[in-house]
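Participant: TrEMBL lists these features:
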DOMAIN    373-574  domain 'Calcineurin-like phosphoesterase'
TRANSMEM  21-40  transmembrane segment
TRANSMEM  52-72  transmembrane segment
TRANSMEM  84-102  transmembrane segment
TRANSMEM  114-139  transmembrane segment
TRANSMEM  151-171  transmembrane segment
TRANSMEM  673-691  transmembrane segment
TRANSMEM  703-720  transmembrane segment
TRANSMEM  726-745  transmembrane segment
TRANSMEM  757-776  transmembrane segment
TRANSMEM  865-893  transmembrane segment
Amino acid sequence: MERVRTIWTHTYPYPHEHSRHAIIAVVVGCLFFISSDNIHTLIEKLDNNVKWWSMYACLLGFFYFFSSPFLGKTIKPSYSNFSRWYIAWIVVATLYHLPSFQSMGVDMRMNLSLFLTIYVSSILFLLVFHIIFIGLWYIGLVSRVAGRRPAILTVLQNCAVLSIACCVFYSHCGNLANLRDRSHQRKYSSWFSFWKKEERSTWLAKFLRMNELKDQVCSSWFAPVGSASDYPLLSKWVIYGELGCNGSGCAGSSDEISPLYSLWATFIGLYIANYVVERSTGWALTHPLSVEEYEKTKKKQMKPDFLDMVPWYSGTSADLFKTAFDLLVSVTVFVGRFDMRMMQAAMNRSQDGAQQDFFYDHFSDKEELWFDFMADTGDGGNSSYTVARLLAQPSIQVTRDDSVLSLPRGNLLLIGGDLAYPNPSSFTYERRFFCPFEYALQPPPWYKQDHIAVNKPELPDGVAELKQYDGPQCFLIPGNHDWFDGLHTFMRYICHKSWLGGWFMPQKKSYFALQLPKRWWVFGLDLALHNDIDVYQFKFFAELIQEKVGDNDSVLLVTHEPNWLLDWYWNDVSGKNVSHLICDYLKGRCKLRVAGDLHHYMRHSFVPSDGPVHVQHLLVNGCGGAFLHPTHVFSNFKKLYGTSYETKAAYPSLEDSSRIALGNILKFRKKNWQFDIIGGFIYFVLSFSMFPQCKLDHILQDNTFSGHLWSFFGTVWNVFMHVLEHSYVSMAGATLLLILAIAFVPTKVSRKKRAVIGILHVSSHLAAALILMLLLELGIETCIRHKLLATSGYHTLYEWYRYVESEHFPDPTGLRSRIEQWTFGLYPACIKYLMSAFDVPEVMAVSRSNICKNGMESLSRGGAIIYYASVFIYFWVFSTPVVSLVFGSYLYICINWLHMHFDEAFSSLRIANYKALTRFHINKDGDLEVFTLAVDKVPKEWKVDPHWEAEPKQPQQLSHHRKFPSKWSAAAAQQEPLNTVKIVDHFVVKTNR
């Protein structure tokens with residue numbers, strides 16, 4: 001029975017699709033009624049009131065740019081959904097004050113006041129219903145499924161849709177108990193001669209007669225349900241319809257139930273019926289599925305639960321604040337005071353054969369060896385899984401010089417740090433790092449997620465020693481992000497676990513040395529947060545070189561940060577112990593240095609010369625899953641350890657990298673809409689002291705456009721000087737922002753240039769904020785001058801509604817008075833203050849007029865808070881697109897012209913594409929072949945791989961023995977990584993013979 005209940009229960013406890021369908025129905029209804037009744041008037045009035053239509057265009061443009069990041073997202077309770085309703089609120093609150101809708105015959109005041117009244121009533125009614133329903137569930141009278149509480153935001157959303165539908169009906173059908181005949185007298189503008197009766201085509205005449213169809217719809221489909229006398233029990237609990245007349249006087253009152261009331265009751269009844277059926281019996285009860293059909297449908301709908309790229313510019317992300325706190329603690333506490341690397345060395349000295357925890361030689365007897373390198377994974381799930389899927393395949397087929405190469409999976413996987421972003425925690429390691437790898441190559445059947453490996457290596461049954469294990473193995477070094485918690489999470493998840501998906505992890509410490517075939521070595525160094533190895537780590541590698549590394553051996557040195565590029569970029573010197581190890585101990589045996597940290601691929605190879613060459617090739621590959629970094633910023637790197645180098649490969653190319661940076665201007669806000677919280681608040685503080693601007697006559701009284709423009713920017717300059725000379729809040733905000741802007745400029749620039757760049761940056765923000773402030777003030781002033789705002793007081797809308805309510809909604813039984821008495825006055829009070837809160841422009845204009853007449857002192861503290869809150873509601877919408885545009889332009893200029901902010905300018909774009917791994921091959925001759933494989937486009941949609949699903953699976957079979965080891969494949973074949981992978985770099989490192 002439990003299985004049947006599972007099948008019949010809808011997969012969503014409270015489906016949002018109903019709201020989506022209702023919204024579509026309401027929009028279609030609006031278009032139908034407006035087209036039938038008002039389209040001719042719209043065209044007739046298009047040539048009038050140009051300035052108002054200009055104001056419409058300006059407002060709607062700002063509102064569009066504010067809401068553009070949320071277009072196309074699902075309608076569900078979230079920040080994006082909140083933004084939609086927020087925009088709808090302030091747009092309607094603005095438009096209903098402008099005159100153009102009145103010229104089209106649409107009374108926005110009635111619609112708004114009616115909407116708010118129905119909205120409040122619907123919420124209260126549904127809240128009572130939900131409380132009763134949960135009570136019935138609590139005492140056991142309804143199914144257990146009913147115990148799931150409804151999402152409050154979804155209830156509010158449904159109430160809004162219901163209220164809009166009722167308002168649309170009222171706008172075009174009214175509240176008439178007896179519909180009167182309507183004559184349709186049309187006046188056609190001489191501007192549009194095709195509207196004349198004698199020139200209309202047949203289809204056009206039918207189109208204009210759609211209002212007749214509309215009347216039939218109103219009278220037939222939405223006619224009153226009957227007289228109140230037919231329902232004596234309800235006669236005191238209903239709203240009555242308005243009596244319609246045909247030109248002669250009307251006597252008496254209507255006894256008909258309001259069609260608007262019946263429509264509202266119908267919607268509420270449908271909501272309740274739908275909710276009860278879903279929660280009590282399951283939505284699928286009317287179409288029950290068999291177990292087999294249910295399982296098949298479930299598999300088709302299955303998708304991986306990958307996380308999105310980390311929002312580095314989010315103003316609301318708790319993870320980012322935790323990252324900053326962890327970094328502060330790690331730098332002040334762990335680096336130089338408590339170093340986990342010293343603890344590891346101290347623990348080993350007390351054991352016999354201490355080197356065995358750092359040194360591994362089980363690969364050394366092989367004839368040849370394939371192994372892989374990747375770094376900086378654990379960001380977006382799509383990008384991390386793309387690389388992991390390539391690493392997991394038994395072989396990868398790639399084309400090179402008109403031939404197809406088969407590159408087998410590496411027996412060894414090296415990961416160069418930064419395993420999860422933005423900080424190391426159980427959540428980020430499990431969801432951003434382990435999850436994609438486990439999907440790509442599943443762990444063994446006996447694997448337990450919470451298992452702690454006490455005595456590593458914990459080999460599978462039947463394997464006596466590490467040399468006998470034939471599956472892929474993984475060794476990792478920590479990066480700077482892994483050190484933010486003092487290496488605690490890395491030690492727990494890497495050094496005390498045995499499996500990363502299907503890769504076996506014999507590693508015990510955070511650094512290691514691997515002896516490979518043909519006299520090749522891999523040194524994995526742990527640089528911690530100060531970009532160097534500690535003395536105990538140096539001692540281990542120095543002794544290993546002296547005791548085991550031969551004169552003709554070759555070493556591949558793996559670090560997290562490529563200090564050869566970063567030192568050149570920052571004009572700094574770091575990693576002195578690493579340099580000492582390479583130059584004075586390895587003495588030319590370091591053939592290749594490999595690192596991550598920079599999320600791109602670049603290879604610099606030495607230029608042959610007479611001097612000593614300490615390192616032949618410098619390779620950076622941080623394309624393991626994190627956001628993309630630019631390559632063009634590092635194109636001028638030339639020297640390391642006295643040896644000249646040249647750029648041999650870059651991915652993406654230098655030209656593409658520079659072109660991608662342009663996205664900061666066009667896409668910054670779309671990629672970082674969470675930045676709204678910070679950006680909008682900053683601009684409001686910058687302009688806070690300048691509200692209100694009471695003397696704007698000189699701008700509005702100019703007769704020419706150039707005069708308006710000159711006066712406008714002259715006023716902006718005067719306001720700018722006023723901020724510098726007289727304001728407190730705005731000046732304090734600008735000063736603090738200037739300090740942060742100068743500190744934000746990279747330290748590689750001189751102090752003088754940092755100050756100049758910071759001043760220009762802050763000045764552009766301050767100028768933009770003041771221009772927006774002045775535009776908002778001009779809009780308010782224009783509406784006040786035309787008596788569209790500040791005409792009567794804070795409660796204008798409510799007072800007007802109470803005046804017309806008795807006329808259009810008769811209440812002969814005194815229902816409203818009884819409700820007011822029973823609620824102790826809350827019924828009218830809630831609607832009154834809700835209407836005032838909704839009508840933000842009126843509140844803002846009334847407060848502004850009082851300030852301009854009597855000064856700021858005339859407002860109480862509460863009144864001042866209300867005024868600035870109403871200003872912020874609109875100013876935030878205007879400012880958030882602009883602050884993102886200005887800041888994005890700053891990043892673009894810095895990255896492409898000044899070659900600064902390479903991290904900040906590309907982390908903002910959150911680019912998941914351009915992913916790569918490097919595959920090495922030690923061949924039988926001892927040479928090291930290096931292939932870098934890349935995927936330009938990362939898939940965003942995945943499906944269960946049919947080959948993986950169809951392949952027989954043995955109970956104890958290890959996943960690396962499968963032909964198709966990865967669970968997910970790209971939903972679109974043209975985006976499948978196995979089909980789009982290509983070689984972007986290939987070279988050979990000759991061994992010492």
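In case you wondered, yes, glycine gets a Cβ from its N, Cα and C as well.
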Participant: Which of 114-139, 726-745, 865-893 shares the most C-beta pairs under 8 angstroms with the transmembrane segment (673-691)?
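Facilitator: That would be 865-893.
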Participant: Is it true that the transmembrane segment (726-745) and the transmembrane segment (757-776) have 3 or more CB pairs under 8 Å, sequence gap of 6 or more?
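Facilitator: Stretch pair touches.
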Participant: Would you kindly list the residues that approach the transmembrane segment (757-776) from elsewhere in its chain, counting only those six or more residues past its ends and only Cβ-Cβ distances under 8 Å?
Facilitator: 58, 682-684, 686-687, 690-691, 693, 712, 715-716, 719-720, 723, 734, 737-738, 741-742, 744-745, 749, 871, 874-875, 878-879, 882-883, 886-887, 890, 894, 898
Participant: Could you pull the average pLDDT for the domain 'Calcineurin-like phosphoesterase' (373-574)?
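Facilitator: Mean pLDDT across the domain 'Calcineurin-like phosphoesterase' (373-574) comes out at 92.
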